[in-house]
Amino acid sequence: MNQVYEKLMRCYASVREKVDFKPRVALVLGSGLGNYGEQIKISQVLDYHEIEGFPVSTVPGHKGRFLFGYVDDVPVVAMQGRVHYYEGYPMTDVVLPIRLMKLLGAGILFLTNAAGGVNPEFSAGDFMLIKDQIASFVPSPLIGANLEELGPRFCDMSEVYDKDLQEIIRKTAKELGIPLQEGVYIQLTGPNFETPAEVKMCRTLGADAVGMSTACEGIAANHMGMKICGISCISNLACGLTDQPLSHQEVQETADRVAPLFEKLVTASIVNMAKGE
Ligand code: HPA
């Protein structure tokens with residue numbers, strides 16, 4: 001059997017030995033949603049260490065566990081902590097958790113992250129609905145033998161971020177009175193932040209926000225036919241848009257400051273998505 005597929009199946013079996021929960025929505029909690037667990041009526045917690053072969057994050061402030069439970073009455077699985085390509089994992093490991101959550105039953109993937117604002121109209125603390133993505137600066141997680149069990153070799157990418165889910169998030173933000181920017185997310189490898197010249201490049205390419213995650217997850221989920229949506233928390237203006245040097249601390253502080261609003265928006269959007277299905 002293909003090694004990537006075999007590892008996925010081993011992880012799946014390892015989770016299923018311990019958890020029989022069937023989620024509808026898979027949620028990836030980025031910086032700022034670290035305490036989102038408090039919004040979930042938790043049925044079960046599974047530490048990544050308990051899953052045989054599962055990639056475990058090394059970033060400070062990132063926990064490493066799956067939360068299974070209910071947002072209102074919607075069954076969800078939430079990833080508290082993701083692994084990043086810059087940690088040295090192969091892309092197939094980086095997206096393994098996404099594939100696993102689909103196998104567990106989730107048809108919808110809700111991606112969140114902290115990102116640098118590349119669009120000069122954005123401010124730190126804004127939220128951005130992700131409308132599309134640029135992943136061309138990181139290797140595709142689909143490189144290697146195609147896993148026919150998961151999806152097609154040449155997968156269409158014309159609507160990675162589902163239009164109906166986008167509309168639900170837009171309406172939800174409006175109902176809550178939360179301003180929502182919209183735009184294109186670009187993933188670079190990190191872990192260094194960008195130079196001002198790289199940020200200009202990102203803008204020239206059509207990006208509105210830059211980060212070090214998410215787009216590769218979007219590819220893997222799209223390959224498996226998941227319905228995907230995503231929101232970036234603009235934790236800072238990208239390098240060169242202000243005269244301040246960037247720090248992980250600034251990213252974390254802004255993300256923490258707007259976390260209560262972010263949590264509200266995510267919860268109400270999930271509830272509205274479940275209504276619409
Ligand atoms: N660049 C890349 N990734 C990020 C940034 C940034 O400015 N802010 C938060 N994640």
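A Cβ is built for glycine as well, from the same backbone N, Cα and C atoms used for every other residue.
Note: TrEMBL annotation is automatic and uncurated.
When secondary structure is read from DSSP and collapsed to three states, ALA114 (phosphate binding site) falls in the strand class. Its Cβ taken as reference, ALA114 (phosphate binding site) is surrounded by 25 other Cβ atoms within 10 Å in the chains shown. What TrEMBL lists as phosphate binding site is SER31, HIS62, ARG82, VAL83, HIS84, ALA114, SER213.
GLU194 (purine D-ribonucleoside binding site) carries neither a helix nor a strand DSSP state and counts as coil. The purine D-ribonucleoside binding site annotation in TrEMBL covers GLU194, ASN236.
Residues or ranges marked as domain 'Nucleoside phosphorylase' by TrEMBL: 24-270. Taken together, the residues in the domain 'Nucleoside phosphorylase' (24-270) have a mean pLDDT of 95 on the 0 to 100 scale.
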By a three-class reduction of DSSP, ARG82 (phosphate binding site) is assigned coil
Running a distance check here. Ligand 1 versus the binding-site residues SER31, ARG82, VAL83, HIS84, ALA114, SER213: which have CB less than 6 Å from one of its atoms?
ALA114
Near ARG82 (phosphate binding site), how many other Cβ atoms are within 10 Å of its Cβ?
24
Other C-beta atoms within 10 angstroms of the C-beta of HIS84 (phosphate binding site) total 22
For HIS84 (phosphate binding site) and GLU194 (purine D-ribonucleoside binding site), determine the Cα separation and express it in whole Å.
16
Show which residues of the chain containing VAL83 (phosphate binding site), separated from it by at least 6 in sequence, have their CB under 8 Å from its CB.
PRO55, VAL56, SER57, TYR89, ASP93, VAL94, PRO97
